[in-house]
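Working notes, beginning with the structure itself.
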Ligand SMILES: NC(=O)C1=CN([C@@H]2O[C@H](COP(=O)(O)OP(=O)(O)OC[C@H]3O[C@@H](n4cnc5c(N)ncnc54)[C@H](O)[C@@H]3O)[C@@H](O)[C@H]2O)C=CC1
Ligand SMILES: O=C(O)C1=N[C@H](C(=O)O)C[C@H](O)C1
């Protein structure tokens, strides 16, 4: 069995990942931890989530549990994630990172750290979204420069980062399909007398409200027609299943930075 350590075990994702790990035939829920001072410390994450006993108690900090597992699954907060990655790299323990809001500098640092440990990092671990990433790139490359590309994402009112990591990755994939650099053409807000839209720009807009789990639409708007491709998450379970799948895949792999395309075999599509 592969022993799994779950970071942020009391969080919305940490809870569902715990359940999926407990159900996975190759995975064992070996340890859980939370931030210092969390009221969940000492509690059983399964009992907290209402799915039975996980057989572990939530501890404080990764250092307390790092020797108990083969892989750390992290869906927490970007500032914390980079600290966990340093600890996992030092212990050569595999990691699955689903936390979003990582900066370009964070991702560069992760790449450097990954010479010492195998790590899967992806802003969305649902199968359907990873297919959508590929569709965005292909559709953009087929339609070319005559179609305006716009992305709209909707999430719950507790989400801390914007735009979502998924929307940013969608924009990056579409930009790659039309040979543009997202850093140069991404537009994240429009307000006032902004003038006509340029053909090059790729718009990314954010909606926050209620308990929306996550929705992403990419629009290709051309002369006389438009294509809209939407992914809607009905619950957090697809993300959590993807995280469990990634953990089973990455344990024992060679050091390196991997994505869900590697886990799902979509790299060459
Ligand atoms: N890649 C994917 O498929 C998905 C990624 N996410 C991302 O996962 C992250 C978490 O999302 P939610 O679960 O909704 O948030 P949440 O706020 O419900 O859970 C985060 C948990 O991390 C804990 N935490 C924060 N700092 C910590 C630290 N230093 N040490 C240990 N635990 C710490 C918090 O106490 C909390 O329990 C976000 O960045 C979100 O965008 C969410 C869904 C899917
Ligand atoms: O915070 C969330 O909830 C989600 N975050 C991810 C993101 O930022 O893309 C993935 C998913 O849409 C849910």
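In case you wondered, yes, glycine gets a Cβ from its N, Cα and C as well.
What TrEMBL records for 2-125 is domain 'Dihydrodipicolinate reductase N-terminal'.
Per TrEMBL, the feature NAD(+) binding site maps to 8, 9, 10, 11, 12, 13, 34, 98, 99, 100, 122, 123, 124, 125. Reduced to three states, the DSSP call for residue 34 (NAD(+) binding site) is strand. Around residue 34 (NAD(+) binding site), the C-beta neighbours below 8 angstroms that are at least 6 residues distant in the chain are 8, 9, 10, 40, 41, 58, 59, 60.
Per TrEMBL, NADP(+) binding site is recorded for 43. Reduced to three states, the DSSP call for residue 43 (NADP(+) binding site) is coil.
For the domain 'Dihydrodipicolinate reductase C-terminal' (128-264), residue counts in helix, strand and coil come to 55 helix, 36 strand, 46 coil, using DSSP. Positions annotated as domain 'Dihydrodipicolinate reductase C-terminal' by TrEMBL: 128-264.
Sequence-distant contacts of residue 155 (active site, proton donor/acceptor), defined by Cβ-Cβ distance under 8 angstroms and a gap of at least six in the same chain, are 164, 206, 207, 208, 212, 213, 214, 215. The annotation active site, proton donor/acceptor is assigned in TrEMBL to 155.
Same-chain residues at least 6 positions away in sequence with a Cβ under 8 Å from that of residue 156 ((S)-2,3,4,5-tetrahydrodipicolinate binding site) are, in sequence order, 208, 209, 210, 211, 212, 213. Taken from TrEMBL, the feature (S)-2,3,4,5-tetrahydrodipicolinate binding site covers 156, 165, 166.
The active site, proton donor annotation in TrEMBL covers 159.
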Average model confidence [pLDDT] within the domain 'Dihydrodipicolinate reductase C-terminal' (128-264): 98
Remaining residues near the recorded (S)-2,3,4,5-tetrahydrodipicolinate site, that is with C-beta within 8 Å of the centroid of the site residues 156, 165, 166: 100, 123, 124, 153, 155, 159, 161, 164, 167, 214, 216
Based on Cβ atoms within 10 Å, give me the single least packed residue among the binding-site residues 10, 122. 10
Using the structure shown, find which entry in 8, 165 (the binding-site residues) has the sparsest Cβ neighbourhood within 10 Å. 165
Tally every other Cβ atom lying within 10 Å of the Cβ atom of residue 43 (NADP(+) binding site). 17
